[in-house]
Amino acid sequence: NTTLIPRPSASPDDPLNWSWMKKHAVLLALIPGCLLSDWTLTWGTTVFEMQAPEWGMTVEAVAQSVSPGIFMQGPGGLLAVPLSERYGRLPVLFYTQLLTLAATLGATLAPTYPVFTLFRALQGLFGAAPQVIGLSVVHDLFFFHERARKVNLWAASFLVGPYLGPLLSSLLVLRLGWRADFGVLVGLYALSVLVVALLGDETLFVRGPGAGGGEDGKGEGRGWLRKRVERLLGIEGWRKAAAGRPGLWEVFRHQCALLARPYVLLPTALFVMPITMWTIGVVSTISQFVLPPVAAGGYGFSLVGLAMLYWAPIVGTLAAEAWGHWFNDFLAKRHMARYGFECRLTAAYPAVVIGAAGLVLFGQTLEHQLSWAGLAVGWAMLCFCTLANMTAVSAYLLDCLPRHAALTGAWLNFGRVVGGFSVAYFQMPWVHRNGPALAFGCQAVVIVGASLLIMVTQAWGRKWRVK
């Protein structure tokens with residue numbers, strides 16, 4: 001028999017008591033927003049060549065429009081957490097998707113490069129929320145023994161987005177032009193808003209007498225539709241906040257205090273950041289490697305060829321999803337009783353080896369202009385590394401701090417996007433100065449070195465947690 005952790009309450013409004021169908025419908029409402037978070041930013045990486053002549057700029061200069069959006073995902077995630085803890089997950093998810101829809105429309109109609117870049121930054125600011133509150137939704141909906149697989153699914157949804165986006169964008173831009181191409185992205189966000197409105201529900205439920213955070217009972221005389229609209233728009237969350245949920249400043253203060261704990265700081269800011277930095281670096285620069293003609297050192301790919309190349313990271317991410325679906329549970333069942341929550345982090349080691357080998361293969365292929373298959377396989381290996389590590393670290397933090405899932409999720413997201421923001425500025429200059437073999441080889445050394453922090457966390461993590 002499986003022991004249910006945590007113990008569900010007697011309330012039918014407790015998400016742990018919901019049916020399998022309702023739990024997964026609510027989880028499904030989160031997935032489009034997670035997919036579109038990075039999907040939106042990388043969607044534009046395939047249109048630089050069209051934007052450059054329109055605005056009288058070089059392709060490399062136009063490519064920097066991606067960086068502000070990536071950077072703003074960090075503060076966007078940190079701001080979303082206090083709001084979701086005080087007013088609820090559902091209204092934060094709904095309003096951020098609606099605001100990102102408006103920002104995407106603004107980018108589509110932008111007359112100049114600065115205006116376009118401004119709206120791209122707003123896309124990152126508002127679009128980060130699903131990635132951050134997703135860990136909280138998994139915690140709210142599922143029992144301890146179910147969470148690792150759901151975390152794996154949540155992480156896969158926002159890590160496969162950066163590759164699905166440019167794949168579709170590359171195919172559409174051939175026929176539509178870049179503005180109409182962005183118009184399709186507007187439609188995708190409209191669909192996400194609709195899915196949240198139809199399938200989403202509030203999962204924030206604070207247990208215990210006098211908590212003031214649970215959903216109200218069903219016998220208040222309000223109609224089902226009115227109650228649902230009030231949840232969606234945050235009216236019900238506003239009432240709950242007044243009834244005793246923690247204040248915005250209190251949540252933000254706790255959020256900052258968490259990062260001072262070494263078992264949070266080391267796996268997030270110091271391990272996840274370099275792991276994901278190089279993945280974002282490749283996806284934001286791949287077109288500059290393969291689109292130039294062979295005589296110029298590229299591979300002479302067409303836009304269709306570039307689109308097909310994005311299948312490589314998708315395959316790598318899906319392989320990591322299949323791997324993580326059973327390996328994380330295997331580690332927990334076999335080793336958690338003896339080694340504690342730190343056994344989750346063992347999954348990072350094989351992933352780091354695969355990712356480092358993928359970076360070396362990618363760099364050597366570019367250096368010697370070998371077959372494009374080397375780029376595809378190396379990229380897939382790197383993406384396998386990213387998802388496998390994100391799942392391991394996310395599951396570990398959720399086990400350690402189950403009541404602070406949103407807060408730890410924000411730091412995971414922050415570490416990921418800080419690295420992604422910075423790499424766009426030095427990736428191509430580094431490759432031009434030292435050559436791709438040395439540049440990507442050094443990146444492999446960095447992620448292997450970062451894995452030493454996982455060893456440190458495993459060695460002392462339990463003592464830190466007790467202290």
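Cβ coordinates come from backbone N, Cα and C, glycine included.
According to TrEMBL:
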- 26-467: domain 'Major facilitator superfamily (MFS) profile' (DOMAIN)
- 92-113: transmembrane segment (TRANSMEM)
- 125-144: transmembrane segment (TRANSMEM)
- 151-176: transmembrane segment (TRANSMEM)
- 182-200: transmembrane segment (TRANSMEM)
- 263-287: transmembrane segment (TRANSMEM)
- 299-324: transmembrane segment (TRANSMEM)
- 345-366: transmembrane segment (TRANSMEM)
- 372-398: transmembrane segment (TRANSMEM)
- 405-426: transmembrane segment (TRANSMEM)
- 438-461: transmembrane segment (TRANSMEM)
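Sequence-distant contacts of the transmembrane segment (92-113) (same chain, six or more residues past either end, CB-CB distance under 8 Å): 29-30, 33, 36, 40, 44, 51, 55, 57, 62, 65, 76, 80, 83-84, 119-120, 122-123, 126-130, 133, 179, 182-183, 185-186, 189-190, 192-193, 196-197, 200, 232-234. Outside the transmembrane segment (372-398), and at least 6 residues removed from its termini, the chain residues within Cβ reach (under 8 Å) are 135, 138-139, 147-148, 151-152, 154-156, 159, 163, 264, 267-268, 271-272, 275-276, 278-279, 282, 286, 289-290, 299, 301, 309, 311-317, 319-321, 323-324, 328, 341-342, 344-348, 350-352, 354-366, 405, 408-409, 412, 416, 447. The recorded stretches the transmembrane segment (151-176) and the transmembrane segment (263-287) share 3+ CB pairs below 8 A when only pairs 6 or more apart in sequence are counted, and are therefore in contact.
Tertiary proximity for the transmembrane segment (345-366) is limited to same-chain residues at least six positions away from its ends with a CB under 8 Å from its CB atoms, namely 267, 271, 275, 278, 282, 289, 320, 324, 327-328, 331, 335, 372, 374-375, 377-382, 384-386, 388-389, 391-393, 396, 431, 436-441, 443-445, 447-448, 450-451, 454, 457-458, 461. Mean model confidence of the domain 'Major facilitator superfamily (MFS) profile' (26-467) amounts to 87 (pLDDT, 0 to 100 scale).
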